[in-house]
Amino acid sequence: MSAKTILSSVVLVVLVAASAAANIGFDESNPIRMVSDGLREVEESVSQILGQSRHVLSFARFTHRYGKKYQNVEEMKLRFSIFKENLDLIRSTNKKGLSYKLGVNQFADLTWQEFQRTKLGAAQNCSATLKGSHKVTEAALPETKDWREDGIVSPVKDQGGCGSCWTFSTTGALEAAYHQAFGKGISLSEQQLVDCAGAFNNYGCNGGLPSQAFEYIKSNGGLDTEKAYPYTGKDETCKFSAENVGVQVLNSVNITLGAEDELKHAVGLVRPVSIAFEVIHSFRLYKSGVYTDSHCGSTPMDVNHAVLAVGYGVEDGVPYWLIKNSWGADWGDKGYFKMEMGKNMCGIATCASYPVVA
């Protein structure tokens, strides 16, 4: 074994051990600041392989913050190269004075193609919403709304490396509806939807739609609790048990395709609504503010990610939707993001629906 190989192996062991230490926040604006002995070890170890630069120190802080583990030096160098590209995108975007900011997160060492494979579902044609069934009334809408303040929104979850966003959007809507109807919280099974809802044009880790998931649950007689049917993030055989049902769906209500006025009425006066939109490459690095981008599409065949609209408001003069994601609480603004309202931005009102529970 060469001296270089021995050094590389030792460095990787130190990197992994130090990364398992205290969870330290990442501040890409000041990558040189050393805040713990564990971080100092990571910085020194990574620098031995990649050299000395601000990018290298930023990368070291990133690996420490997110507990990244690489198989060998070659993979570390590859991930560093990708990280540099993403860091440059973050910095160049944030200099433009836009209504939102990007930031380093757990996806900063992934290519766009890798991210697509693990986080996004295949585009779904949500034709069920061409003619909506939501009834708009004359009731006055609140100027702002945040269903979290009513205590009915369940905690942010993490879909992991499975394109099952549609299941988390579905359970998020059902958990909120259940809490609203019965005055208590519940956690429902995403894995049952991954494994069992295929007959309703859903594809497990390859994507699906909340509207179709609601129809499956209605036909099936219910959805099991998370405790009874826990999430694995893999396509498996169906293990539904009627005795473990946590909620039943009486009906589902669709928002007319692209009708943000209907969506605002539903979110403002009824409850959180399952929605879908097109994620493009910059969005995965969202950190704060109101996201907007003219490059994303808004047709039924563009949308590739399902989420949950839990409110709306105005920030610095820009109206927005408040949305719960399923990429963990470390992503974005504690697992949430804001999307510009009024332009069907990225198709935010293209595939919207909500359930009626029992």
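Just so it is clear, glycine is given a Cβ too, placed from its N, Cα and C backbone atoms.
It should be emphasised that the depicted structure is a prediction, and the values quoted were computed from it without experimental measurement.
Going by Swiss-Prot, these are the annotated features:
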ACT_SITE  C165  active site
ACT_SITE  H305  active site
ACT_SITE  N325  active site
DISULFID  C162-C205  disulfide bond
DISULFID  C196-C238  disulfide bond
DISULFID  C296-C346  disulfide bond
CARBOHYD  N125  N-linked glycosylation site
CARBOHYD  N254  N-linked glycosylation site
REGION    22-42  region 'Interaction with VSR1'
SIGNAL    1-21  signal peptide
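Taking the features listed in Swiss-Prot, we show where each one sits on the structure.
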{"residue": "N125", "record": "N-linked glycosylation site", "contacts (Cβ under 8 Å, 6+ apart)": "P300, M301"}
{"residue": "C162", "record": "disulfide bond", "contacts (Cβ under 8 Å, 6+ apart)": "T118, V194, G204, C205, G233, K234, D235"}
{"residue": "C165", "record": "active site", "contacts (Cβ under 8 Å, 6+ apart)": "K119, L120, G121, Q159, G207, H305, A306, V307, S326"}
{"residue": "C196", "record": "disulfide bond", "contacts (Cβ under 8 Å, 6+ apart)": "Y216, N220, C238, F240"}
{"residue": "N325", "record": "active site", "contacts (Cβ under 8 Å, 6+ apart)": "V156, V307, W331, G332, G335, Y336, F337"}
{"residue": "C346", "record": "disulfide bond", "contacts (Cβ under 8 Å, 6+ apart)": "F277, E278, V279, I280, F283, D293, C296, G297, S298, D302, V303, M339"}
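Under the three-state DSSP scheme, C162 (disulfide bond) falls in the coil class. Cβ contacts within 10 Å of C205 (disulfide bond), excluding its own Cβ and spanning all protein chains shown: 20. Between the recorded positions C238, N254, C296, H305, the minimum number of other C-beta atoms within 10 Å of a residue's C-beta occurs at C238.
Following the DSSP three-state reduction, the secondary structure of H305 (active site) is strand.
N125 (N-linked glycosylation site) falls within neither a helix nor a strand when secondary structure is assigned with DSSP, and so counts as coil.
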